[in-house]
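Single-structure report; data block below.
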Amino acid sequence: MRVNSLTPQDLKAYGINDVQDIVYNPSYDLLYQEELDPTLEGYERGVLTNLGAVAVDTGIFTGRSPKDKYIVRDDTTRDTLWWSDKGKGKNDNKPLSQETWQHLKGLVTQQLSGKRLFIVDAFCGANADTRLSVRFITEVAWQAHFVKNMFIRPADEELVDFKPDFIVMNGAKCTNPQWKEQGLNSENFVAFNLTERIQLIGGTWYGGEMKKGMFSVMNYLLPLKGIASMHCSANVGEKGDVAVFFGLSGTGKTTLSTDPKRRLIGDDEHGWDDDGVFNFEGGCYAKTIKLSKEAEPEIYNAIRRDALLENVTVREDGSIDFDDGSKTENTRVSYPIYHIDNIVKPVSKAGHATKVIFLTADAFGVLPPVSRLTADQTQYHFLSGFTAKLAGTERGVTEPTPTFSACFGAAFLSLHPTQYAEVLVKRMQASGAQAYLVNTGWNGTGKRISIKDTRAIIDAILNGSLDNAETFNLPMFDLAIPTELPGVETRILDPRNTYASPEQWQEKATALAKLFVENFEKYTDTPAGEALVSAGPKL
């Protein structure tokens, strides 16, 4: 569909001049033809796989580049944003001057000028009251395909008078030669101006920068209105019971929320307002490393025509080697949410959550597969956001390393973590929600806890059997662990049983507990933070 009201003249308002042609909100069929155009070269060109989906490579950037993220510091953001150069917290919100912003904007608009452009107008947020109308501008067909998959696709009538609240200009082919003089990290940049309401991308082809860029914007706007903004997946049961799954990349958000017994609300980004939980997105972005049809049939079956694979190895016959992580461990597929059969329709939203699940992938092998949290422990573990950072989701990470990421998504937080915790706690108190800590990582055997066991644990949480189970407390961490659960090997519920001796667990537990305590020190400068210390590990 082409909307005649959008012309090259309109783009001059953004500083983009002499545009050859505008491909506006292209259909999937057109994008398919464009991506497979044999005259394309380099990272623009897609490859057809035997599953019907197109596969692309994103170059040296196979994950986000958090060190290249900047936000203009001005009157809008000076006193509200959680800046990287203020306080003890660690984040990626590096300040950018107005002067450098203008320079970067000039580079991107110059790159996009004189080109044939793809423009996708879409929504971020399933609630009409708080959604963002976003306009994506790119010269690369598959990047247009990515945002068409990942954001909410407007109906034709919604495009007639579409007025963007935010503009994303993707100039992946341009870099910044003056980065050193400007005090920046590299020639690549992902920059935001919350006053002009524009995101600029230069140097990186990775599609996830557009997805997570808008998540950072929602993370700024919504909590200031008292709405929880969450890095989580969500689903709903037959009785309308809603569960949310917090977790960093690779901990199981997409896998565990994609459940044939429950309808999917969304797999990564949600809000929680007075009406309930709602998706920000219109698609899913699943990791595909070691994907198998047997273990994850819903995700495997979603990989078909209109899905877009990233950085997978495609054999000469078009078949995909999902086990090959030679390009990156962070191989991905994006697909429109309706590629999953069991979803909430017609709008990706449901009622208030009653189960809140924190997913962690513990590389130390210390934490139990599941524990039930008290109210204070809920806040403590939400602010701690512990996991092992898994290989490949960020540039330069190849081995699992322990990490603490506030609210299970520090990279995307625009405000101080305590603001997200306050809003979440209010929502949980109002709905009577219970929180759980689920370890999808490793145990003392050195093996990862199986998807089968984790799914049985999630079932026990959702059907209430965990709440009715007898529990005992794990020393040092004071976590309440069930003595037995249906379908779960009883021996693994106590992590100490997976070690050759209790002393081995004690040694590793002490090391991990020290990391928790050190990390939480940054929150002890307020009475509320100090009061939560007792909910953490005790040495």
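Even glycines carry a Cβ here, placed using N, Cα and C.
Among the candidates Lys212, Lys225, Lys239, Lys261, the residue that Swiss-Prot names alongside His231, Asp268 for the Mn(2+) site is Lys212.
When the candidates Arg315, Arg332, Arg372, Arg427 are compared with the substrate site entry in Swiss-Prot, which names Arg64, Tyr206, Lys212, the shared residue is Arg332. For Arg64 (substrate binding site), the number of other Cβ atoms no farther than 10 Å from its own Cβ, over all displayed protein chains, is 24. A gap of 10 Å separates the Cα atoms of His231 (Mn(2+) binding site) and Lys212 (substrate binding site). Counting every protein chain shown, 26 other Cβ atoms lie within 10 Å of the Cβ of Ser249 (ATP binding site). Neighbour counts were taken as the number of other C-beta atoms within 10 angstroms of each residue's C-beta; across the binding-site residues Lys212, His231, Lys253, Arg332, the minimum falls on Lys212.
According to DSSP, Lys212 (substrate binding site) is assigned to a helical segment. In this structure the alpha carbons, written CA, of Asp268 (Mn(2+) binding site) and Gly247 (ATP binding site) are 9 Å apart. Taking Cα separation as the measure, Arg332 (substrate binding site) is nearest to Ser249 of the binding-site residues Gly247, Ser249, Thr251, Lys253, Ile449.
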